Amino acid sequence: MRKTVFAFSALAFSTVAASSVLAQDAATSALIERGRSVAIASDCMACHRTPEGEGKPFAGGYTISSPLGPIVAPNITPSKEFGIGNWSEAQFEAAMRDGVAPRGHLYPAMPYTAYRAMSDDDLHALFVYLQKDVKPVDEAPKAQTDLPFPFNIRLSMAGWNLFFNRATPFDNALAAPAGTERGKYLVDGPAHCGACHTPRNTLMAEDASQYLGGGDVGGWHAPNITSDPVSGIGGWSDAELVTYLKNGNAVGKSQAAGPMAEAVEHSFRHMPDNDLQAIANYLKTVPAIRSEAQTAPAYEHSKAKSAGIGKLDYGIDRSPAAMVNGTSVDGEELYVSACATCHQLNGAGTQDQFYPSLTSNRATGGMTPNNLVMAVVEGVHRKTNDFTVQMPAFKDELSNAQIAAVSNYVLQRFGNASLSVSEADVVELKNGGEVPLLVKATPWLMLGGTVLAAFVLVLAAVFFWRRGKRNTLQHA
Ligand code: HEC
Ligand code: HEC
Ligand code: HEC
């Protein structure tokens, strides 16, 4: 009798234990799934990958060229020695929100100023996902971050953070998939749109007064995506915005190349439609910012201009001198030989717009030629859920002078004719765009700092010398 009771209770106990393990497993897998979707929306894999791209997710080594110099994304797999396998959740939260890792302050090349806004629930799920579902990679990235003095002093970020890392984390309820502020949450938090689309001030922090008003990322320009119908996306339908985020293309308006193509490929195209819809809805409410000089949207502007464009007076010469001897700086000749097979002689693109129109396009009709030049330099490469988009890079085929010439031809004929591109502009964009004032000024600030330090030292010396003298006098 005793035995049976014992056996029975043991059975009951193990059933209860087993079902609670099952319940725990279910809860953990739900957390892991949520963490995975947070990682996707936050695009962690775009940076924390190997330089080759495929194979070892989150192993790091990919180098980001920041204005301060190249910064390497670390291994964030659960490897105990080389990754974050030994980190506590509090350490992870400090890295994600405060930009402080066990090894010291992080540079804002890691977008912690945006991730700070993530909800507690999402950060927790992200931690569980990274620790439990990602395969540890037990090796350090080959490249190392090696910034010049004084930027190599990580502690200097502490002062910067005090002023510029100030976002308030979102409430769990507002950030939840059915939350009322979901679109704003995604834009400001995980998806960190402002990291590229908000211009930076002289101290390289996002300028809140120009929120989403258009910023520069390397040589590329991330356009104004405020609700303004002329300078922003106010004239886009919600469906166009959703399609753009999903496929990287809004026909007759814009395509995603460069860093936006990467964001679409790694992140946005994997997000659920209702999240993309929430983002579109929110963008339509962002206070409008208008560039004074702009009178019509980029795509309308150039469309109107190209209305009268007929055919060139000669057909496509498929072996023109331009490409054979590589010296022509005749923009028309270059366009006909290098571009017209796809974009057509009249710039209208192909009928299905797989090769897009250059006469109705943000990249040619906007207020900066940067993306036109960068598209010619680097080409366009983007995987979408349905197809792969490729425009060849011309950096090895065309000289800087030729890239300037063909860009000017495109601007004159199909785009914003008030813009022009010089050979020096091409060189600058290839090298990552205009150097921020802070970086340009640092040698001078340091020189100033040295002079100031010397001055203080002299003053101190005089002071102590006088005091010493007075003391000696008093003693005497
Ligand atoms: C735009 C590129 C970029 C994105 C996106 C990005 N990171 Fe980072 N991350 C970096 C860089 C670069 C560093 C190293 C910064 C440094 O050396 O100061 C870093 C550092 C870190 C660290 C500190 C690691 C250590 O060993 O000190 C953690 C943790 C981290 N990132 C997690 C994440 C997670 C999780 C995500 C997605 C939510 C993410 N990062 C998205 C670029 C990025
Ligand atoms: C890593 C930098 C980066 C991030 C992050 C980023 N963008 Fe972009 N975005 C760009 C660049 C660069 C372009 C220009 C692409 C081109 O024309 O080839 C662009 C273009 C766009 C355009 C097209 C605008 C136009 O008028 O042509 C939209 C819309 C857009 N982004 C929305 C977003 C939203 C919404 C987010 C966040 C959910 C986001 N982007 C995050 C860099 C970024
Ligand atoms: C082999 C075909 C092909 C050739 C040749 C080609 N392009 Fe493209 N171009 C494309 C494709 C494909 C896209 C991207 C379409 C998309 O994203 O949906 C594109 C996009 C562009 C864009 C938009 C870039 C952006 O960031 O929004 C510009 C500008 C452009 N091309 C200019 C040129 C110029 C100038 C030349 C000649 C030097 C040229 N293309 C040659 C196929 C081509």
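Positions of Cβ are set from backbone N, Cα and C atoms, glycine also.
Those TrEMBL annotations? Automatic predictions, nothing curated.
Record features, source TrEMBL:
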- Cys339, Cys342, His343: heme c 3 binding site (BINDING)
- 30-134: domain 'Cytochrome c' (DOMAIN)
- 178-287: domain 'Cytochrome c' (DOMAIN)
- 326-414: domain 'Cytochrome c' (DOMAIN)
- 1-23: signal peptide (SIGNAL)
- 444-465: transmembrane segment (TRANSMEM)
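Location within the structure of each feature annotated in TrEMBL.
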residue : record                : Cβ contacts under 8 Å, 6 or more apart
Cys339  : heme c 3 binding site : Val406, Val410
Cys342  : heme c 3 binding site : Gly349, Thr350, Tyr355, Met391
His343  : heme c 3 binding site : Gly349, Tyr355, Pro356, Ser357, Leu358
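As a whole-number mean, the pLDDT of the domain 'Cytochrome c' (326-414) in this prediction is 94. Reduced to three states, the DSSP call for Cys342 (heme c 3 binding site) is helix. Each residue of the domain 'Cytochrome c' (326-414) gets a DSSP state, and the totals for helix, strand and coil are 40 helix, 8 strand, 41 coil. Residues distinguished by a CB atom under 6 angstroms from ligand 2 are absent from the binding-site residues Cys339, Cys342, His343. Taking the centroid of the Cβ atoms of Cys339, Cys342, His343 as the heme c 3 site, the other same-chain residues with Cβ within 8 Å of it are Tyr335, Ala338, Ala340, Thr341, Gln344, Gly347, Gly349, Tyr355, Leu358, Met391.
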